[in-house]
Amino acid sequence: QDLPGNDDSTATLCLGHHAVTNGTIVKTITDDQIEVTNATELVQSSSTGKICNNPHRILDGRDCTLIDALLGDPHCDVFQDETWDLFVERSNAYSNCYPYDVPDYASLRSLVASSGTLEFITEGFTWTGVTQNGGSNACKRGPANGFFSRLNWLTKSGSTYPVLNVTMPNNDNFDKLYIWGIHHPSTSQEQTTLYVQASGRVIVSTRRSQQTIISNIGSRPWVRGQSGRISIYWTIVKSGDVLVINSNGNLIAPRGYFKMRTGKSSIMRSDAPIDTCISECITPNGSIPNDKPFQNVNKITYGACPKYVKQNTLKLATGMRNVPEKQTRGLFGAIAGFIENGWEGMIDVWYGFRHQNSEGTGQAADLKSTQAAIDQINGKLNRVIEKTNEKFHQIEKEFSEVEGRIQDLEKYVEDTKIDLWSYNADVLVALENQHTIDLTDSEMNKLFEKTRRQLRENAEDMGNGCFKIYHKCDNTCIESIRNGTYDHDVYRDEALNNRFQIKGVELKSGYKDWILWISFAISCFLLCVVLLGFIMWACQRGNIRCNICI
């Protein structure tokens, strides 16, 4: 399609930007729906379905809970002295020893999980006047009755159970975790049969704390043939402190201590299989990539993970505003320039030129403007990831029934944090998208102004992103405009001459209407003047008589 007013003595140069047939809708601060040429999804919404064992050291709990492994349940002996970054508890885990409860289960579980080890050191406790190593048919170790391997069930010796008073100092330079307990028989007869006294008491103290527990005799629901229970407690003995155990019966004594370590180990409930693969971020659903700043797979995470948000999708604009090319314009399509629409078919570039001159038509990219825009946009995704990825884990929170109000408060706090981060994510992405679109528009305007300053009076802005050049401009001339070496003085005289010649015969449509109306008005006025003059002349000659009647 020939451009208006184009001949061998003139040329047309249009500036335009990249466009695609089907763009991507993104959100900005000023517009909820704006189309761009390209965008990147920021929300990871699916997992691999498996837990990767690298770079984190994963310990599969299989059919054991962490607490059962800690106590030494016979079917969990394989976990003795194990270490982990993440302990994975399965839904099919079960206890297979004497029924027990842990009054502060969640705290103990979290404490041991964060320590990342079940390293156990046996100590030489002296229990005089009692029978050690009690067992139960509810806790078989092989064919024989057994018990938790990390605990020592003490019962009467003969017909006596003396008051026990044992001291164990911590002379090491690390903290020690002692696990102990108290037995609650189901009947008074069982109480006296095992411990002689009608009621037992256990006191465990350090310089910093003291716990006093009294046995609670009574029948409970039968579990593995037992209606009695054991309550498990724990005490941390700091370096330089002393552990003191005093009891007159019902004591489930420690055999040693667990070495406490500080670290970023954790625990997670999941039934996802463990596989040989690499992933920094783990959720109960499986590992997920952390190349996006946000995820909505699961609130519970371990490792360097995207921030959890409620949104299913958030798109970051990585391209410019998209204005699809009008396909009805023929060969040149969007020759009108960037003000009307974009240009499709531009490969690997964002900005460019199209021209028509005596040598034909052509198109070329402006790599400098393209690179300037790309350089500023490329780092956006990494910057958003740096702002949002958590370098720590979000663990499960558990509370006992008596801590219901605390649990409600914790849930409220977590939900509020998620709401806040979801809102922050929306605003952050909208701001970045607004900046991207403003940036790419600015680069287009810079290129247009640069071209205008070069051409000066040698060309006319056609108002649609194009310039009409009023001198012969071959391909070499066009190239000089594109690369910034154009010398307008060389063509100045020719351009002025051609401009006057063309303006003499070619009027802009905006002025043509005015001139037509003015010409029509003048013609009507002259016609009226001539007609009035003829009437007056005829009246003077007597050829026309005018009678006025009242």
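Every residue, even glycine, has its Cβ placed from backbone N, Cα and C.
Sequence-distant neighbours of CYS52 (disulfide bond) (same chain, 6+ apart, CB under 8 A from its CB) are ILE58, ILE274, ASP275, THR276, CYS277, ILE278, SER279, ILE282, SER287. What Swiss-Prot records for CYS52-CYS277 (among others) is disulfide bond, and it gives sequence analysis as the kind of evidence.
If you look up Swiss-Prot, you'll see CYS64-CYS76 (among others) marked as disulfide bond, on the strength of sequence analysis. Secondary structure at CYS76 (disulfide bond), taken from DSSP and collapsed to helix, strand or coil, is helix.
Positions annotated as disulfide bond by Swiss-Prot, on the basis of sequence analysis: CYS97-CYS139 (among others). CYS139 (disulfide bond) falls within a strand segment according to DSSP.
The disulfide bond annotation in Swiss-Prot covers CYS281-CYS305 (among others), and the record cites sequence analysis as its basis. Cβ-based neighbour count (10 Å, all protein chains) for CYS305 (disulfide bond) stands at 28.
Within 10 Å of the C-beta atom of CYS473 (disulfide bond) sit 28 other C-beta atoms, taking all shown protein chains into account. CYS473 (disulfide bond) falls outside any helix or strand according to DSSP and counts as coil. Per Swiss-Prot, disulfide bond is recorded for CYS473-CYS477 (among others).
Other Cβ atoms within 10 Å of the Cβ of ASN22 (N-linked glycosylation site), summed over all protein chains shown, number 8. Summarising the annotation, Swiss-Prot assigns N-linked glycosylation site to ASN22 (among others).
In sequence order, VAL20, GLY23, THR24, ALA317, THR318, GLY319 make up the list of same-chain residues 6 or more apart from ASN38 (N-linked glycosylation site) whose Cβ falls under 8 Å from its Cβ. Taken from Swiss-Prot, the feature N-linked glycosylation site applies to ASN38 (among others).
Per Swiss-Prot, N-linked glycosylation site is recorded for ASN165 (among others), and the stated evidence type is sequence analysis. For ASN165 (N-linked glycosylation site), the number of other Cβ atoms no farther than 10 Å from its own Cβ, over all displayed protein chains, is 12. In this structure, ASN165 (N-linked glycosylation site) is part of a beta strand by DSSP.
The Cβ of ASN285 (N-linked glycosylation site) lies under 8 Å from the Cβ of SER47, GLY49, SER270, ALA272, VAL297, ASN298, each of which sits 6+ residues away along the same chain. According to DSSP, ASN285 (N-linked glycosylation site) sits in a coil region rather than a helix or strand. The annotation N-linked glycosylation site is assigned in Swiss-Prot to ASN285 (among others).
Sequence-distant neighbours of ASN483 (N-linked glycosylation site): no residue of the same chain at least 6 apart has a C-beta under 8 Å from its C-beta. Annotation source Swiss-Prot lists N-linked glycosylation site at ASN483 (among others), citing sequence analysis.
If you look up Swiss-Prot, you'll see CYS539 (among others) marked as S-palmitoyl cysteine, on the strength of sequence analysis. The DSSP secondary structure for CYS539 (S-palmitoyl cysteine) is helix.
Taken from Swiss-Prot, the feature S-palmitoyl cysteine applies to CYS546 (among others), supported by sequence analysis.
According to Swiss-Prot, the feature S-palmitoyl cysteine maps to CYS549 (among others), an assignment based on sequence analysis.
Residues or ranges marked as topological domain 'Extracellular' in Swiss-Prot (evidence: sequence analysis): 1-514.
Among the features that Swiss-Prot reports, topological domain 'Cytoplasmic' is placed at 536-550.
Taken from Swiss-Prot, the feature transmembrane segment applies to 515-535, supported by sequence analysis.
The Cβ of CYS539 has fewer other Cβ atoms within 10 Å than any other of the recorded positions CYS64, CYS139, CYS477, CYS539.
Calculated from their C-alpha atoms, the gap between CYS539 (S-palmitoyl cysteine) and CYS97 (disulfide bond) amounts to 137 Å. Taking Cα separation as the measure, CYS281 (disulfide bond) is nearest to CYS97 of the recorded positions CYS97, CYS139, ASN165, CYS477.
Using a 10 Å Cβ-Cβ cutoff, CYS277 (disulfide bond) registers 12 neighbours. In this structure, the C-alpha atom of CYS76 (disulfide bond) lies 10 angstrom from that of CYS97 (disulfide bond). According to DSSP, ASN483 (N-linked glycosylation site) sits within a helical segment. The Cβ of CYS97 (disulfide bond) lies under 8 Å from the Cβ of ASP68, LEU71, ASP73, PRO74, SER136, ALA138, CYS139, GLY146, PHE147, PHE148, each of these being in the same chain and 6 or more residues away along the sequence.
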